[in-house]
Amino acid sequence: MPPCSDKPPGRPVPADRRPRARPDDGRLFAPSIAKAKEQDVMRRNTVYALAALAALAALTCVAFAGVLARPGIVGHTWDWGIPNFAEQFRDMARHHFSTWDAYFETGRYHYFKLELLYWLALWPASVLGGEAVSKWLPLCLVFASGATLWPLARRLALPPFFAFLAAVFYAFSPYALSRVVAGHMPMLVGYALLPVVILAALSLLDRLAAGRPGVFRATVATGFVLGLTSLHPGVGMSAAAMLFIAFACRFVSCQRRKALVVAFVGLGAVAVAMNIHFMAPFFGDYFGKGAIRHGWGLSVSADGDVTVDSELPRREAYHESTSQPADASFFLRLRPGMDTEYVYPVPRGLGIPWNLAALALTLGVFAYPFSRRKSPELTGLFVTALCGVLLVAGSRTLPGLVFYQLALKKTLPILFAAFSNTTRWLPLVILPYALLLTRAGAELVAAAPRPRLAAGACAMAVGLFVSPFLAGGLTRPFDPERDPQPLTLHQTPINPEVASVYGFLRDRRDAFRVSYLPPIGITWPGDTDYTFEWTSAYSPKPFFMAFKTHPLAEPVFSGFYAERPSTKISRLLGLGSCRFLVYPRYDHAYTYDDFQPAFAAPAMVDGYKDYKPVFDANLARQEGLVAMPLFRDVALYKNEDFLPLVRPGDRVAAVEAVGGGYRGNAVAAALAQEIELPDYDPGTVYLRAGSDPVFLEFVAAMQGGGPTATRLLADRAGEKKLAVVRPKNRLDPPTVEFRRLGPTAVRVRVHGAKAGFPLVFQETFHTGWKAMLVPRTVGELTGQGRDMAALTAAYHPFPVQGLDQAGQAELAGYVKKGLVSSLGDGANKEREAFLYGPGGKVTGETESRFAVDYVSPLTAGAIQNDNLPALGTTEAFFPSAFAPATPQAVSRPQDPAGWSAPAPGGPVALPEALHVEAYGFANAWWLPPGLVRLLPEAASDTPGYFAARADGGLDYELLLFFAPQTSYLIGLMGSAAAYVFCLAVMASGLFAPRRREDDHA
């Protein structure tokens, strides 16, 4: 009985005689009152959030006011690389569906395709122009960084005012400013997602601790956001480190440790599954042969894969230079520079106040151990901050030295390579700082006698700290004499000539590469009216000679800059299928290598000499480059020594150093001199002989057994002599027609092969390139039985091609001789392209209609025919292959008698022993007709692998395919399935709570 009752104790009152609740009984309205209070709290929180986001948006616009006000696309500094035009955004997205980068020099194997979603997301906005995207993208990402921290701060019980200060600190932090100035937009995307990762992880940990339902969905959601941060491995690893620390701190006090471990492993598995398309080939390369990837970071290798052994010495020196003093790491006052990737210029006159503010904020963070209000979440953040400070300090502290030199360098060298720049760990410092310092401020205000004054002091400290960003840090002026590395944004209006040149190259149908002059690599050219140095990566045609790492680069670069230059550079460019050279005529030209130390010239960019007078003079001396007066201010040169991407060779020359032991690329060194000689033959395929007796016999067989001529060349780079052995008689090669089917495939049809010959594919050599014989009918291989006359009559040359295409009469001759086997189906086709205005904005479209696609003139024994069939989705997946029939297949691979044919029915890969490296960089296959004859012959109604001509020649089809693309596509499908699974699981959570509420209604 309640103590306030005035009735004596007795028998309980029967239920039917108990008094009913009065209408004014408060218990009747308790749920309604509680719900009203809850709605009121939600309304207030919504108002707080909207006000905070509005204020954050205003501050972001203030920070970017200088960028928005100035005309021009952001670029020319550091790693900035926003394309000018919408189609360049589209091309970048398409590149991520291929594991072979055909646009890069002569191609490279590159499976680190982390930015697919990034480019797909930017594609719709690209119609606004590269200038608009380059301005608004970083602005939106900076705002998003603060906006995502707001709910995390509120989740940790920070008052709205201090949650806003935390968002401001995080959005305008040194890391954010550095990423914007550096142009690291994918890293900034991951940075904006980090608070979401932690928020999802805290929700998961709470469910685990309380035993509430929904753990599976929370695990998937956390893993999903973690997987999204892998747009850049640096941010992805920072997110993984934060999660590890958070789970480890909870593991100490958690009762359900097994469930905790299962959840952590599960979310990691989700993140890996989302990125399995690049993780699987990476782990295969790394654990299989120690390769990191071709072109990792500082060393874009000309010799092949970059391995841990070749990269670590470079990274070790880099790590030593970027390691920061411990006090600088604590106060976030690191050494600025392009090597440290750190920019945070304190406004003039605010040096002392800023340092005092940094000291106060740091003390607020590290006052947490003395706070009375601790929680597992905040403790995890404090441990994260401490670890981050030590990691940023690098080897300057004993714990950092032990971690980097033992935990990373000795056991996980790939992470040491990725994080040799210690500032990549800054997110581990910034995010905990933002929450812990504002938490300390909130506690200070709660205990202060004058709370508003204390709150104002906290706001002032945060405002002073972020003043480098808010006070024009993005566009601060600099003195080029004192600041050779301008750590600020540079904007250049997109010159109309840039769009004109881009459109000209884009509309060309022939397969070629283009070189942008001067060949300097990607960096900033100083003040200029053009943006071509960035179009190399986004060129409508593959670029060539942007880096001095290609095997042919040394003679090309020296030919442009040396005192006694070569006048035959066009021949080397032809070996790379380079047809055009674009020269915007910058005010200066420079090179990283000083080819003429005695040449006196003013330093223009970063201390490099102005080589423009030398470059212009040497360019004018070139014999095979013809100026095309198509543009007013941009010079365009056409290479008269252009060679098709795929072509037959007419003889094989062997190159080797006299006495052996040559460490460099002997073939490239020999070519630098061979091209100068009057008897140079572009049809000669140069191979390195080596010392393997089996390969030497193979080379002799390819040379035909006739008389040879030997020439001795003095290697200019060393002291050895090079011997070039070349047959005096040419082979009788067939004619080939080809069509490039994207980055990873080329369809080739050989017509009239009577004897063995080398088929050259002028793409970077890689054992992943396979040549497959494809079954076809006689009509498909030869064009017989088709109405080729009507299709020839429907053929009309493309105006943009000029003379670089077959005329109608010329095409009719090719068809009559059986050199062109297909002109398509005759259906009307159309091709659309954009027109661009100021800022790269799309202003219209162009459309071309045709029934028969492009056909090139016969050049060097090859015809490009874009009417050949397209690539089937799974056409090249898992082909069969020739198998050794006798030991002769190993000792004499060129002899068909040593091989046995597989069962017919699909593509058949040629033996890898017939695949050789040509010209020191390219692919070539020796194709003996006897090997083709081991397979069934084609009939008019039955596919076969060759059609015999009356003169004994063979017609057959080859598919050149990059085999790793198969597993990469399977991996992409796996990643896509993981995305769909995660989205489905998270979407199911939107309805499950509602059903439970309805059940209890």
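Keep in mind that glycine also has a Cβ here, set from the backbone N, Cα and C atoms.
It is 382-405, from the ranges 118-141, 382-405, that TrEMBL records as transmembrane segment.
Between the transmembrane segment (453-474) and the transmembrane segment (382-405), fewer than three CB pairs separated by 6 or more residues in sequence fall under 8 Å, so the two stretches do not touch. Only pairs six or more apart in sequence are counted, and the transmembrane segment (183-202) with the transmembrane segment (425-446) gives three or more Cβ pairs under 8 Å, enough to call it a contact. If you count C-beta pairs under 8 angstroms between the transmembrane segment (425-446) and each of 156-177, 352-370, 382-405, 968-992, the highest count goes to 156-177.
Beyond the transmembrane segment (968-992), the same-chain residues lying 6 or more positions past its ends with a Cβ under 8 Å from any Cβ of the stretch are 97-99, 111, 214, 216-217, 220-221, 223-224, 227, 270, 273-278, 280-281.
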